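One structure is given here, and the rest of the page talks about it.
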Amino acid sequence: MGMPYFINVILPIPLEKEFTYSISPTEAELLKPGMRVAVPFGKSKIYTAIVVKVHQTAPTVYEAKEIDQILDQDPLVTPTQLRFWEWLAQYYMCTVGEVFRAAVPSALLLESETLILRNEKAIIDETDLKDDEFLVFEALQHQSILRVREISDILEKKNVIPILNSLLEKNIIFIKEEVYEQYKPKLVRYVQLGKDYSTEESLEALLLSLSRAPKQRDVVLSLFQLQAVTKKPVKISDLATSANSSNSIIKTLIDKGILEEQFIRTDRVVFEGGHDHEALKSLNEYQQSAFDAISKSFALGKVTLLHGVTSSGKTEVYVKLIQEVIKNGKQALYLLPEIALTTQLISRLQAYFGEKVAVYHSKYNVQERVEVWNNVLKKETTAQIVIGARSAIFLPFQDLGLIIVDEEHESSFKQYDPAPRYHARDAAVVLGNFHGSNVLLGSATPSVETFYNVKISKYGYARIQRRYGDVLMPEMELVNIREQTRKKRMKGHFSERLLEEITETLENGEQVILFQNRRGYAPILECTTCGHTPQCPNCDVSLTYHQLRKQLRCHYCSYHIALQTSCQACGSTTLDTKGFGTEQVEQELQALFPTAKVGRMDLDTTRGKYGYEKIISAFEQQEIDILVGTQMLTKGLDFRNVNLVGIMNADTLLNFPDYRAHERSFQLLTQVAGRAGRTQKRGKVIIQSYDPDHRILQQVTTHDYVEMFNEQLYEREQFKYPPGNRIIRITFKHKDYNKLNEAAEWFAKSLRIGFGKMVLGPEYPPVARIRNQYLKNVLLKIGNDHSLVHTKNSIKRIEKSFNAISFYRGVRVIYNVDHI
Ligand code: ADP
Ligand code: ZN
Ligand code: ZN
């Protein structure tokens, strides 16, 4: 007998090391790094693990168990990915297992505790099912949800994962995930004649009954004719054109139940008939010179920043670059912040590249994610271009030629919880390096870090200073609401100037966007007699007053109570609100502009199914005149008819207790302002503030990015913040206040021995208790001239000693490298 064979695997759990299992010589021949195996773990658990190495060295401290089964014929994960995972784990101070779990779609990661559901909609030909598969199918008829472990008992088989994988592929079962909201694709509104009018008689009766509403009758007739040809629902916009009618008449018919409304996903309809692709737009001279600068910089192997003002046509430059890459048969990755991943952009890219575009999104359903994963892995042309949110960096690219990180300044590229707490932009730069691919970062308001990298010539640079079509940058006006309030010129939260501009804009038939970065009616409800404000019992924060739902809600946990009409402390009925949110702005608008149609876009109105898409499309179709919203409004939306943007109150942004607050305010305000006047007419922006002389507001109004950058850089150098330094934030978390305090103090003291003044804290964050867990942060600053690896090793050593102290057991220690 020869030497025994072993494999090292990564398990999807937060343990530091790889585990070794034993395999047979035949298995050793089949197995390659990146393939999945089902392995036993602990007393009774089964996990899907990834092979990293096949070898012949027996583990010394434990006896290797045998694997249960090989799950793949070919690797599911590439060698480059394995290297990338290693890098992420090392850099962001987590385990490779945690990266593995975040990287691979959960449907590919079955384990004994995974919950399995039956796909109610599956059309099943029982003869297609193998015996075991049929038994699972049958069991799920009796019990709607089963654990993998239970299925294993039913089949009296130790390992059922291959059977379940096969059922997943056949779409017969689902796995239950946390109830994420599903991805909300752009929906196009279609209508058809109601079911009651399917016969000729009923239709005739209908037309007769509409004889005194000729416009409505015309719509019905047009629809009937259109449907006679296609036998399908008709796009509302097509119907309006063909009946020469307005949306409001169509809406009346829908309300009456004569027409039925339907929403159909664009990405499902666009390619039905194999439409021709749109030709690429030819770049104007500014775009072209940016394109040339980018190409030159790429030739030098440099990561490059495209710094183009809002509406300068950056997307068209990206499109040109993508075209070049795919012409050479390579793959392209287009990263966007989750919320900017709207179908406005998806449809724009699909119009150029058709079915080559795949979308990858953490909220996409599992099947779709697995499909994209496999297509990328097999280098199929159907996923040659991937548009995705941050998790798309985990896809198994084979031949990646280009990575674009659009809106690179967006803080939502940083994963906050759980580990790996990675920054997708920074990770993308490393990924690009591993693949030898070009990396382009794009923004109208680059992050201080990125612009600093340009300044020290680490990154290349391309600039577009003009909006496309020579549209002027919006005209900015600051309004001093302190003064206006003193002179009693405010109506609610509106200054005279803002009201004048809204009135004029509406009169011109144009639309308005109003920005207030708080949802709800008011963040604080206060008793004017005793000063009591209702607090969340689970978190250290006051409850936000939501008037429409008549509730007080916590924005940090799900706690909410019905609105009280009297003070819980003293019984007084004189309750007052402090601060204001989007609901209040909406309400005031309705009183001030009773005939205008007001819409609201915030977490509360976009939560429902397709909520976000519905509001965007209603605004696009001008069914809404004034849209009030939170920062959701800022993200790369391209509305054609918006001529006025109002910032209700810039001060809450500026006063946020964070060293980035000023940079963020500049970015947010510039981005919202950028929604105004994207066509020929010059747009207008009104910023209301108590402190209009604030440097940042001056810089926003003069569009002076460089001055903002220089001042911020100077301040950050003074206080040893990035980009000249790195920061690692260490958060301690426990339900016992005293234990947490002691633990955090101990840790900070140990850090100070090695790092002295570079250790800040421990300090409570602004909300010091969330869901009954107390939080405390320690911030460690590390000069760029210091070794990050050594620093991390020291921290880990301190953590080891910390973990050995039994009193601190249970205190969670969370690392956030490059915390933002
Ligand atoms: P940005 O991403 O820089 O904000 P966009 O790419 O959205 O700007 O461009 C703004 C508008 O100008 C879009 O409606 C786009 O279609 C149009 N546009 C940009 N470049 C061109 C071009 N070369 N030819 C025609 N239209 C263009
Ligand atoms: Zn009171
Ligand atoms: Zn709470």
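In case you wondered, yes, glycine gets a Cβ from its N, Cα and C as well.
Annotated in TrEMBL:
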type	residues	note
BINDING	CYS527, CYS530, CYS567, CYS570	Zn(2+) 1 binding site
BINDING	CYS536, CYS539, CYS554, CYS557	Zn(2+) 2 binding site
DOMAIN	295-464	domain 'Helicase ATP-binding'
DOMAIN	562-727	domain 'Helicase C-terminal'
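Taking the features listed in TrEMBL, we show where each one sits on the structure.
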{"residue": "CYS527", "record": "Zn(2+) 1 binding site", "DSSP class": "strand"}
{"residue": "CYS536", "record": "Zn(2+) 2 binding site", "DSSP class": "coil"}
{"residue": "CYS554", "record": "Zn(2+) 2 binding site", "DSSP class": "coil"}
{"residue": "CYS567", "record": "Zn(2+) 1 binding site", "DSSP class": "coil"}
Cβ-centroid neighbourhood (8 Å) of the Zn(2+) 1 site, CYS527, CYS530, CYS567, CYS570 excluded: THR528, THR529, GLY531, HIS532, GLN568, ALA569, GLY571, SER572
Contacting binding-site residues for ligand 3, chosen from CYS527, CYS530, CYS567, CYS570 when the Cβ sits under 6 angstroms of any of its atoms: none
Chain-internal residues near CYS539 (Zn(2+) 2 binding site), provided their CB is under 8 angstroms and they sit 6+ positions away: CYS554, TYR556, CYS557, TYR559, VAL767, ARG769, ILE770, ARG771, ASN772
Nearest-integer angstrom distance between the alpha carbons (Cα) of CYS530 (Zn(2+) 1 binding site) and CYS536 (Zn(2+) 2 binding site): 18
Between CYS536 (Zn(2+) 2 binding site) and CYS570 (Zn(2+) 1 binding site): CA-CA distance (Å): 18
Winner by Cβ contact number (other Cβ atoms within 10 Å) across the binding-site residues CYS554, CYS557, CYS570: CYS554
Among CYS536, CYS539, CYS554, CYS557, the binding-site residues whose C-beta sits under 6 Å from ligand 2: none
For CYS536 (Zn(2+) 2 binding site), the number of other Cβ atoms found within 10 Å of its own Cβ: 24
Sparsest-packed among the binding-site residues, when each Cβ's other Cβ atoms within 10 Å are tallied, from CYS527, CYS530: CYS530
Near-site residues: Zn(2+) 2, ref CYS536, CYS539, CYS554, CYS557, CB cutoff 8 A to centroid: PRO537, ASN538, VAL541, LEU543, HIS555, TYR556, SER558, TYR559, ILE770, ARG771
